[in-house]
């Protein structure tokens, strides 16, 4: 396409939910409540795990990092979404858009790697319980956490670099609730087939590979648990995995359909709904999944409340 007479786009307009213009104020209140609950819930889980010595185990070490990740993951998108609900001009600069995409995808990739590490931890604890203390050492936990973060931060660099070189000289209205690769690529005034292919390849390696590793871990876990003779033993073994498996199914259930696909066209309402699930609802539900379903964390919360004098027996 000849772009000689066109100017480079310097900002985008994020349309959000155009069909819900009449209830923007209600959406703002609802999203604000969800965001505050997400922040407070994940912060509570992180602090309780860090402050309670009885929770200083590999599993809860990873849980606390996951809670910290969710704080950054939601901070990359929800504050801007809240701001746009109150403004008529829902704009974001080109560089701001790329930064939002980078942090959203890097933290999302880190979460994929961390969920995989948590599955491996559960595999060792259930399938090799006698060797677990010597295998999953604090030093190894720290190395795994650092590796997950570094891998996540490096993940979207190639995609961001390719997008930053594209010419955007026509429409600047992003048909999504925040900046993301598919809706931004659809606005480029040149062929983006290479970007779509690179995006597909990276997401396939990142999302499918980690998901398959998690599934393989749980196949081994299920085989081991089924060999446990007592019903109580089986129930106890499964209970240590229930929270993690629930988070995995919710998180991967949405991102697999969103990012592992080799096409440029997509249903706008379908993608918006998926985006709400993995960017808003999953971080919102995680603290409840790990606290309401977890006896250890509930007991730790009670202990911390007693120590602070808030809860009196």
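Backbone N, Cα and C atoms are what each Cβ position is placed from, and that goes for glycine too.
Note that this is a predicted model, so its numbers are computed, not measured.
Residues or ranges marked as domain 'G-protein coupled receptors family 1 profile' by TrEMBL: 41-290.
Sequence-remote contacts of a segment are chain residues at least 6 beyond its ends whose Cβ falls under 8 Å from one of its Cβ atoms, and for the transmembrane segment (25-48) they are 17, 55, 63-64, 67-68, 70-71, 74, 78-79, 81-82, 85-86, 280, 283-284, 286-288, 290-291, 297, 300-301, 304. TrEMBL lists 25-48 (among others) with the feature transmembrane segment.
Only residues 6 or more beyond the boundaries of the transmembrane segment (60-79), in the same chain, are considered here, and those with a CB under 8 A from a CB of the stretch are 31, 35, 38-39, 42-43, 45-46, 49-50, 100, 103-104, 107-108, 110-111, 114-115, 117-118, 121, 138, 141, 145, 148, 177-178, 247, 279-280, 283, 286-287, 290, 296-297. According to TrEMBL, the transmembrane segment annotation covers 60-79 (among others).
Beyond the transmembrane segment (99-120), the same-chain residues lying 6 or more positions past its ends with a Cβ under 8 Å from any Cβ of the stretch are 59, 62-63, 65-66, 69-70, 72-73, 76-77, 80, 92, 144-145, 147-149, 151-157, 159-160, 163, 178-181, 184, 206-207, 210-211, 213-214, 217-218, 244, 247-248, 251, 255, 278-279. According to TrEMBL, the feature transmembrane segment maps to 99-120 (among others).
The transmembrane segment annotation in TrEMBL covers 140-158 (among others).
Residues of the same chain lying 6 or more positions beyond the ends of the transmembrane segment (207-226) and with a Cβ under 8 Å from any Cβ of it are 112-113, 115-116, 119-120, 122-123, 126-127, 234, 237-238, 241, 245, 248, 252, 255-256, 259-260. Look at TrEMBL and you will find 207-226 (among others) tagged as transmembrane segment.
Under the heading transmembrane segment, TrEMBL lists 238-260 (among others).
Marked as transmembrane segment by TrEMBL: 272-292 (among others).
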Beyond the flanks of the transmembrane segment (238-260) by 6 or more, those residues with Cβ under 8 Å of it: 59, 66, 108, 111, 115, 118-119, 122, 125-126, 199-200, 203-204, 207-208, 211, 214, 218, 221, 225, 271, 274-275, 277-278, 281-282, 285-286, 289-290, 293-294
